[in-house]
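Trainee: Before I ask anything, let me first share the structure, which is written out below as structure tokens.
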Amino acid sequence: MAGSYPEGAPAILADKRQQFGSRFLSDPARVFHHNAWDNVEWSEEQAAAAERKVQENSIQRVCQEKQVDYEINAHKYWNDFYKIHENGFFKDRHWLFTEFPELAPSQNQNHLKDWFLENKSEVCECRNNEDGPGLIMEEQHKCSSKSLEHKTQTPPVEENVTQKISDLEICADEFPGSSATYRILEVGCGVGNTVFPILQTNNDPGLFVYCCDFSSTAIELVQTNSEYDPSRCFAFVHDLCDEEKSYPVPKGSLDIIILIFVLSAVVPDKMQKAINRLSRLLKPGGMVLLRDYGRYDMAQLRFKKGQCLSGNFYVRGDGTRVYFFTQEELDTLFTTAGLEKVQNLVDRRLQVNRGKQLTMYRVWIQCKYCKPLLSSTS
């Protein structure tokens, strides 16, 4: 979608897709010639059918007692997810450097372009399959849940990591990565499918990457990964909705905050405060990069009655939850937190299963929001 564009370029250039988004379906007869098509416009009938489907699967809501359980024990459901799948569920997100060149700003863009061309098929496949637990969760959960009972339980690192964070006195002079010149935080890092590609690709000696997840199992998998380098990365357990827990960095210290399919797992009523807190961590000119589910994505349409928690907010069969956004909702969240829009676009893709002759309509939203630079008077 968005590629690198000159500083000060018109905002419309930020929404112009330069590398991805170039395969258009002009002849419906060719739909099964490729695995995916970009910028697929929906007909009025298709949009109306999607709206009806959502109305149908939203009629019956999850009882309040279960909703409380899903909220209180959210970290346990995600721990179970990572105990089952470990680091085998998601693929490394190498496509991020095409979508978000801000993650490797000092890298030669021609070098990144050459790398992309050499690995185009692999990168495109990973991007086409990019998702949260989403569509195949139900099937995998059914066949994998029993295996969880037989796995060797490893001690959680949550208490250990949380204690280390609480022992840190967060100040402007001394904190993990305090000597770095470019700092990135990924919230909801999972097992490192974003963090490790960043560390591998961005060789800036001044780079330091923070990553957090409220699943202690996920953080343990990050810390025990052979690619984990404490001199360049700090992984910690954190619940972005817990206002009592502080981040291990001072306010105004981060250049980039990454939210990839994570905000959608938060209860809608808690989203604004979470974004407000993250916004305060950004330097002036710092940026939030987000990619998440859009309204009427196929994953939303596939939910059954009885899985809806509230409007456009659902629970999966394994207890993890997901919200489906509109562009306007995300814009309100970020601008209310004092950030300015750089990019807010809908990625409508038609994915194709050529073997089964199936078409699948995906809807994702990608955003970039920037913290305003300080004025000379301030």
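Cβ coordinates are placed from backbone N, Cα and C, and glycine is handled just like the others.
Keep in mind that what you see is a predicted model, and the values were worked out from it rather than measured.
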Trainee: Which residue of Asp204, Asp213, Asp297, Asp318 does Swiss-Prot report at the same S-adenosyl-L-methionine site as Trp78, Tyr82, Gly188, Asp239, Leu240, Ile260?
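Mentor: Between Asp204, Asp213, Asp297, Asp318, Swiss-Prot records just one in the S-adenosyl-L-methionine site with Trp78, Tyr82, Gly188, Asp239, Leu240, Ile260, namely Asp213.
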Trainee: If you count, for each of the binding-site residues Trp78, Tyr82, the other Cβ atoms lying within 10 Å of its Cβ, which residue has the minimum?
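Mentor: Per-residue Cβ counts within 10 Å for the binding-site residues Trp78, Tyr82 bottom out at Tyr82.
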Trainee: Indicate the candidate from Asp213, Asp239 with the smallest number of other Cβ atoms within 10 Å of its Cβ, considering only these binding-site residues.
Mentor: Asp239
Trainee: Return the count of C-beta atoms lying within 10 angstroms of the C-beta of Leu240 (S-adenosyl-L-methionine binding site), excluding that atom itself.
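Mentor: Other Cβ atoms within 10 Å of Leu240 (S-adenosyl-L-methionine binding site): 24.
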